[in-house]
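According to Swiss-Prot, the protein carries these features:
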| type | residues | note |
| --- | --- | --- |
| COMPBIAS | 273-285 | compositional bias 'Polar residues' |
| COMPBIAS | 327-341 | compositional bias 'Pro residues' |
| DOMAIN | 22-133 | domain 'Ig-like V-type' |
| CARBOHYD | ASN32 | N-linked glycosylation site |
| CARBOHYD | ASN200 | N-linked glycosylation site |
| CARBOHYD | ASN219 | N-linked glycosylation site |
| REGION | 266-382 | region 'Disordered' |
| SIGNAL | 1-21 | signal peptide |
| TRANSMEM | 235-255 | transmembrane segment |
Amino acid sequence: MGLTFWKVFLILNCLAGQVNGVQVTIPDSFVNVTVGSDVTLICTYATTVASLNKLSIQWTFFHKEASQPVSIYYSEGGQATAIGKFKDRIVGSNTSGNASITISHMQPEDSGIYICDVNNPTDFFGKNQGTISVSVLVKPSKPFCSIQGIAETGHPISLTCLSVLGTPSPVYYWYKLEGRNIVPVKENFNPATGILFIGNLTTFEQGYYQCTAINILGNSSCEIDLTTPYPGIGIIVGAFVGTLIGVIIIISVVWFVRRKVKAKGKERKRNSKTTTELEPMTKINQRTEGETMPREDAIQLEATLPSSTHETEPNATLGPDHEPIPEPEPALQPTVEPPSGPELVPMSELEIQLEPEPAPQQEPEPLIVDEPFCDEEKVIKP
């Protein structure tokens with residue numbers, strides 16, 4: 001009932017020619033602006049109150065992803081202030097009856113609803129708000145082309161195309177490149193989403209494809225190659241080959257090191273064996289040099305004594321069939337100094353016979369002993 005009363009009251013005032021309240025006018029409710037450029041949002045007002053000292057102008061911004069409007073500009077009594085992210089970017093009009101603002105350097109995130117609100121106390125009736133929808137136009141960014149599925153013959157695949165930026169939303173078109181010709185692809189294609197369904201890939205469908213994203217500001221394109229295997233296969237093959245090469249290198253290094261260690265071990269063993277073989281020979285030589293003279297050599301030495309000894313003492317040497325005549329100790333026991341060197345070790349006759357003698361000393365024993373005794377017998381038996 002009350003609402004009907006107010007409606008009737010406003011109608012009567014209009015018919016009477018009496019206009020009370022603030023009237024806000026928005027000439028353009030939809031505004032498009034290119035990214036990076038400036039835009040002027042026009043908002044005018046009319047009031048029945050002559051005094052403008054308490055007049056206030058407020059602009060708010062409502063983004064499609066926000067939950068409530070945000071104040072970006074406020075002016076009262078001729079004092080204006082820009083607020084939030086629009087600070088230093090908004091300039092308001094100083095003309096009476098004009099509440100317009102100019103925003104510089106518009107960005108894609110500035111797209112949304114702008115609300116102009118004018119209030120003048122005591123003038124409470126009328127339309128004091130107006131709205132403007134602003135769209136910041138952006139050329140489509142370079143789209144991203146991709147393959148869904150395995151790009152091999154007989155496998156179902158689809159091609160996708162998407163531009164991250166673009167206002168208004170771009171429309172997508174697919175083309176197949178055949179040499180210098182560009183052939184539009186129309187079947188199984190959605191221009192709004194940019195998805196091209198190919199199905200089971202055949203040799204006829206292999207080739208180069210191009211996707212173009214278009215809006216009122218321009219277009220951008222991307223290309224995709226269906227003539228080579230899917231990149232994932234190449235990555236797997238590359239990883240396998242790299243791993244195989246790494247294993248071969250490791251095996252080669254281990255084999256080389258083991259071979260080198262083995263060679264050093266053989267050389268060390270060979271040197272040790274040579275040293276071991278030389279030690280007994282050295283001991284034998286030292287022992288041979290330090291041994292006493294054999295009995296045969298002593299007999300030969302007696303046989304080669306000077307003749308004066310035989311003449312003066314004929315009984316000193318006897319034949320093999322006679323008893324030996326004792327000789328004076330000074331004449332029969334010449335002192336022979338042992339050679340300087342290691343201590344002589346006496347050895348039994350059996351040990352002397354078993355040890356090998358040098359080649360020059362191997363003479364027949366009868367010849368060395370009998371010949372001198374035969375000659376003595378001739379001398380002794382006249």
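Each Cβ is built from the backbone N, Cα and C atoms, and glycine gets one as well.
Overlay of Swiss-Prot feature records on the structure.
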residue : record                      : DSSP (3 states)
ASN32   : N-linked glycosylation site : strand
ASN200  : N-linked glycosylation site : strand
ASN219  : N-linked glycosylation site : strand
Cβ contacts within 10 Å for ASN219 (N-linked glycosylation site), all chains included, total 16
One should report the C-alpha separation between ASN32 (N-linked glycosylation site) and ASN200 (N-linked glycosylation site), rounded to whole angstrom, as 44
Cβ atoms other than its own within 10 Å of the Cβ of ASN200 (N-linked glycosylation site), all chains, total 11
Students should find that the Cα atoms of ASN200 (N-linked glycosylation site) and ASN219 (N-linked glycosylation site) sit apart, in Å rounded to an integer, by 30
Cβ density check for ASN32 (N-linked glycosylation site), other Cβ within 10 Å (all protein chains) comes to 16
The DSSP breakdown of the domain 'Ig-like V-type' (22-133) into helix, strand and coil residues is 6 helix, 54 strand, 52 coil
